[in-house]
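Data first, discussion second: the structure below is written as structure tokens.
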Amino acid sequence: MWHEESVNPTKIIHGNFTEPNSLFVTSNGDIYIDDGFKNGRVQKWIAETNTFVTVMNVNSSCYGLFVDINHTLYCSMADHHQVVKRSLNDPVMTSNYVAAGTGIYGFGAHTIYSPRGIFVDVNLDLYVADCGNDRVRLFYSGDSYGSVVVGSTSKNPTITLDCPSEIILDAEKNLFIADQNNHRIVGSSSNGFRCLVGCYGKGSQSNQLDRPFRFSFNHYGNMFVTDYSNHRIQIFQYYEEACSSPSVIQIPYSSAVKSNYSSELTTNSQTYSRDCRISNYYYETIRVNVAETGYYALSSNSSMNTFGDIYKDDFNPMNPFENLLSQDYRSCSYQDFKFIAYLHTGTKYILVVTTSSPNMTGNFSILTSGPNNITLDPYTQVVTNCFIGQKCQFYKKSIGVILDDILRDEIRPNMTLADQTVLVKINAVLTMIMFVGGLINSMLSILTFQNKDLRQVGCGIYLLASSITSFLTISMFTVKFWFVVLTQTNSSIRLSVVRGGCVSIEPLLKLCLYLDAWLNACVAVERAILVFTGINFNKQKSQHIARWIILILP
């Protein structure tokens, strides 16, 4: 046990229990501890007397424990796909009652699959984190049927879960869920679910989680998370302030608040796609130098509605979610950005200042406050990763260097082809020459191998198919080139068109190219077989195999 402000444990409780999976602390300080794995029981540590008593007999581990307002103890048995309960007011430990589940795993309305965390509200309604079914079930008091309230099979699916392991309900009936295999904590509100913690993928950084198992809130709203695979407990602090008052960080350091940095965004500033959908956001990168570790408030004052993000180590405009640092944005509707971030000394931080809407320019200044003064300096980043286009971040590196990578920095946005660089014009001419030459070559090849005498063996069939794929390859290449040029020069093209082209044209181009290579390989293999078999070569069998291979190759 720790007091919140303490570094070392203030009390260590030793007991005869094996591999406890859960515990529950009541308001008087008593602790209910799972001891079902080996000893088949739930123990209660009584704070007043520092003693243990057995309060429930179980036949497996309890992955969730809960005591409701009527002093009924609930145990979530993942291995038996069931939640059981017994009244602590009963002096005799009789058999437990089934609160949810049939004892057999399943996916239907009556069954649960490997349940984990549980929560019972003041109406004695039971919420179950149905881990194996990737959902949260609600069992109303006295009802064993239950309904799905969160998950892809719920009546109003707003979020997809992957093995929820803990669930908490607040006084406003908002649900908070540990989405274990998605490595995050999510919460509900009037607008549906949103990610609260671990929103940037699995990891060990301070804003990341790795299979969170349990979490809880204290009276201040701070969240404590059992970060299972990172072998740590994390605290995520909650801040709230009135719109008319300064932030909690600004108050104790108000004398240190000053305009640390002033600059402007112009039409000559660099641009990127802030939300991976719309490009042409002007931005500036600023190096943040921290003298003392702690919480810092950063805000902007401008004439253009600025938007800010902090990145750790470096900022990649081709992937604006990479290295993004967790920060607490203010809930008030400020015209410019204002947020709090926990910054460490000796760590490289990059502040990116952009705008809330594209194509906006103007002056801005950055204000900071915290335990010590921080300095802000202009920063120029080096981009090394290859991506497909500014508006389309679906693939990274795996598909290879493509036209988007080659042309992205050469094409001038919102300009006609006549106003583009000489390199773009040369590429356009070369592409059309390649298309015409490839078209003539493919047509002649197709006419050649239409001759039945040349298709008496598999090689002729392979070469006819190769002629067709060659034509498709050069055609798709030409389509891809002009698609890249048009989408980069015309920012008004609908997003659905851009995304459709990104996910279709490039794979089709690669498919045609690889098919052509494999068909040539088939020709080489068959010729090797012909040399080996000699006069025993079976032409009919060769034709039959060739037709099947062509069908299978894609």
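Just so it is clear, glycine is given a Cβ too, placed from its N, Cα and C backbone atoms.
Just so you know, TrEMBL annotations never went through curation; they're auto-generated.
For reference, TrEMBL has these:
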type     : residues : note
REPEAT   : 103-142  : repeat 'NHL'
TRANSMEM : 428-449  : transmembrane segment
TRANSMEM : 461-485  : transmembrane segment
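In terms of DSSP secondary structure, the repeat 'NHL' (103-142) contains 3 helix, 16 strand, 21 coil. Packing against the repeat 'NHL' (103-142) from elsewhere in the chain are residues 63-66, 68-70, 72, 74, 76-83, 148-154, 160-169, 175, 177-178, 180, 214: each is 6 or more residues past its ends and has a CB under 8 Å from a CB in it. Mean pLDDT across the repeat 'NHL' (103-142) comes to 91 in this model.
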